[in-house]
């Protein structure tokens with residue numbers, strides 16, 4: 001590589017070599033660099049090699065040996081002595097990554113509803129404070145300015161969300177909203193589900209998300225906006241199905257389970273008209289992570305908090321320095337879905353991010 005010339009030319013040659021290893025080689029290489037404290041080098045590669053050179057002739061590319069973490073990884077990635085001919089006729093786009101350089105990198109609003117009015121017929125969400133405390137600490141460690149609000153009525157929740165969306169985020173790189181509450185099914189066009197205020201009035205998730213889209217929050221345009229929702233998506237309880245592995249036990253660990261489910265309220269009128277769909281703005285740079293599949297119950301334990309938040313916190317602690325957001329959420333989904341017990345649960349997400357997202361850890 002040293003013979004390639006300038007640092008930029010060396011970076012381009014390295015990228016060409018990595019491209020011969022398959023589509024995942026370069027993202028894996030970037031992840032390893034960040035994991036070993038070489039984030040500046042990873043950023044330089046992304047910046048210097050935004051486009052590959054595009055010669056029209058066939059070139060003979062030979063592998064280079066990369067020494068990372070004290071041991072040679074070339075044996076895992078390539079076959080020794082194999083030359084590969086590739087036609088470089090079309091520029092290859094590098095995987096783009098959201099930049100999180102500000103400190104704090106963004107604001108994080110946590111809405112934690114525990115105690116509900118008697119008229120709402122909604123139970124106290126025992127264990128939610130455990131979730132809240134975990135996520136406060138976690139997002140502070142991830143360089144966010146964290147603000148927590150507890151036991152808000154629906155209109156108070158809306159006011160907090162609107163206040164956050166109307167703030168100037170120009171000097172920041174990201175925004176996070178966490179909602180811990182009872183939930184329900186609602187009629188929707190973009191994002192399913194609704195969240196209850198302590199007065200028992202629901203707020204559609206798509207209403208919450210749209211406060212922050214490009215039309216309503218200009219200072220967050222082009223910046224990642226992440227939503228984490230611990231709430232039921234409905235009343236269905238998933239008993240799971242039999243697979244060829246160790247069978248789950250009859251009871252979930254931790255004893256008594258609670259859910260955040262409430263009955264589905266039928267919509268009034270027809271809200272699925274094509275004109276209404278076509279007139280909505282595109283929710284770019286937004287990711288909404290749900291604790292459970294739409295229509296299903298989300299489980300919570302009094303002493304340990306919810307399955308989803310407990311797992312999310314653990315995954316962030318272990319892998320936030322090395323994995324991008326989608327890989328983190330895949331790990332969360334896999335871990336929660338594998339929990340043993342009478343009922344099952346699987347988180348999921350609606351992803352409209354345009355780039356890879358890596359947290360900026362302290």
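In case you wondered, yes, glycine gets a Cβ from its N, Cα and C as well.
Automatic prediction, not curation, is the source of TrEMBL annotations.
TrEMBL lists 182 (among others) with the feature active site.
The active site annotation in TrEMBL covers 232 (among others).
Residues annotated as domain 'CARD' in TrEMBL: 1-48.
Per TrEMBL, domain 'Caspase family p20' is recorded for 104-236.
Look at TrEMBL and you will find 276-359 tagged as domain 'Caspase family p10'.
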Model confidence over the domain 'CARD' (1-48) (mean pLDDT, whole number): 70
Tally of DSSP helical, extended and coil residues in the domain 'Caspase family p20' (104-236): 39 helix, 36 strand, 58 coil
